[in-house]
Structure formats: structure tokens, C-alpha cells
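Features as listed in Swiss-Prot:
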- G41, V42, G43, K44, S45, S46, R147: ATP binding site (BINDING)
- S45: Mg(2+) binding site (BINDING)
- D63, R87, G109, R166: substrate binding site (BINDING)
Amino acid sequence: MTETDQTPDTAPEAAPEVAPIVSDDLAPLRAKTIVLVGLMGVGKSSVGRRLANVLGLPFRDADNEVEAAAGRSISEIFAELGEPAFRDGERRVIARLLDEPPHVLATGGGAFVNAETRALINEKAVSVWLKADVELLARRVSRKDNRPLVRGKDPVKVLTELAEARYPAYAEAQVHVETGDTPHMVAVEAILTALRQAHA
């Protein structure tokens, strides 16, 4: 048999063995926007980008979208307009994003606390609470100076207070995932497993 003879026999069979398995496995997870919620430093943006890549979905970061809409950074919005103005802009931006085709959306730590936003997310998307120990989150956020809520303060104290205030709202997320101090792709696999179980 010549090389030319072999090509028609083997090539058509190779693709169906792999592609449909991946497609069928992940297709249900692509049907709705996946919204990541949780405290600052838990990895919503970094893990979210990788999750979007695995699913073949666009990635959106609500904080970046708020900055683009306001024409200034989150820190500037907090300093010049105050937190209430930021939260109002955040709510409107998330509502707009939820009307877009399915994507992975990373939200700010306080977004899901807003009852209106929380209800809208749970209605139009799949909400995923990423959770990790406060001490771990404090170590992460202390490495950067771009978090207005912890700048110049004890991050453990701030995050502990935020956890007490926000966890009841986060608990209303449809999927809960403990991420811990793991590589980003391990967290992605944990999210995918939890999403599959939720769709089962």
C-alpha cells in the first residue's frame, strides 16, 4: 500500500476520536456566562483567564471594564468619587456584560454582595465562589499596592472583616470551589469538576 493509499484510510478517523470527546465534555459548560466571585486575592482574574482559555470562551474582568467606562483606575475612582460611586458603576457594567454572549467573568470582591447584582448573576449566569484561607489571601494582596481597601492597613484584619461581611452573600453562589494555595491550572480543574457536577 502506498503512502497515498494510507491517507484516506487514517486521516478521517483520527479527528473524530479526539475532538468530539473534548467538545461533548465541555459544551454544556459553555452555554452560559461563568461568573467568578470571592474575596480579593483568591485568583478570580488569573484563574479566570485560564478557565476561559480551556473552555474556548472570551474572558472579561469587571474591574477592567469599570476602569474603561470611567476613564480612570479603580484607585482613582475610590479616591475621587468614593466607594458608592464605584459600586454603582460596577453594578451597571456587570449588568451590561451579562447581556453579552457566554464568557468567563471575573468580578470585584464586593460585586456579588449587592443584592441586585447577585440576583442578576444567578439568573443569567453560573456563579462560582472561589474560596481560600484569609491568611493566604493576605499574603497575596500584600504583594501589590493596587487594592484601595487594604492600602496602609493590616491585610489579615481587613480580609477577616470582609470575609465576615461577605461570606453570607458568597454562599448564595451556585457553585463553591476551595482553591487553596494551588497552581492556577489545578484551580481550573477543580472549577471544571464542580461545574460538571452541577450540570449532572
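For all residues, glycine too, the Cβ spot is worked out from N, Cα and C.
Here the features listed in Swiss-Prot are painted onto the structure.
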| residue | record | contacts (Cβ under 8 Å, 6+ apart) |
| --- | --- | --- |
| G41 | ATP binding site | A132, L136, L137, A138, R140, V141, L159 |
| V42 | ATP binding site | L130, K131, A132, L137, T179 |
| G43 | ATP binding site | L130, A132, T179, H184, A187 |
| K44 | ATP binding site | L36, V37, G38, A106, T107, L130 |
| S45 | ATP binding site | D61, D63, A106 |
| S46 | ATP binding site | H184 |
| R87 | substrate binding site | G110, N114 |
| R166 | substrate binding site | L39, G109, G110, F112, V113 |
Maximal Cα-Cα distance (Å) across residues annotated as binding substrate, namely D63, R87, G109, R166: 18
